[in-house]
């Protein structure tokens, strides 16, 4: 592969993404080894760029209005193995190695732990670690 001349501006890969009016894109975190869906979070341009640069998931917290490095308080980082963009360019898929085996703030492996049974949402997956132990009690 040839190097590009220094004076040629390369297109920004972030420009290919269809961002929401708020400048966000939904991101799905998937276990790179077994395909389990771990969580969904939002990313802005900066968080997605940092995720690629640092090799660890960085999201945008809408409630806190700031960057959120996954695992910064729990230790349950997500190491980036692959990143994909869907056919409409409006959803990002992060294939990750989930450190500590817990992706959800409830202490479960996945945020998708509820299943619809007889018209009710019921918990289908166990708590691996008490969230108070992970984050401390209020």
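Cβ coordinates come from backbone N, Cα and C, glycine included.
Note that this is a predicted model, so its numbers are computed, not measured.
What Swiss-Prot lists as Mg(2+) binding site is 86, 88, 90. Around residue 88 (Mg(2+) binding site), the same-chain residues six or more apart in sequence whose CB sits under 8 Å from its CB are 18, listed in sequence order. The DSSP secondary structure for residue 88 (Mg(2+) binding site) is coil.
Per Swiss-Prot, Zn(2+) binding site is recorded for 87, 104, 111. Around residue 104 (Zn(2+) binding site), the same-chain residues six or more apart in sequence whose CB sits under 8 Å from its CB are 38, 39, 110, 111, 113, listed in sequence order.
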Among 87, 111 [binding-site residues], residue with fewest other Cβ within 10 Å: 87
Cβ neighbour count (within 10 Å, all chains shown) around residue 86 (Mg(2+) binding site): 13
Nonlocal neighbours by CB distance (under 8 Å) for residue 90 (Mg(2+) binding site), same chain, sequence gap 6 or more: 17, 18, 25, 26
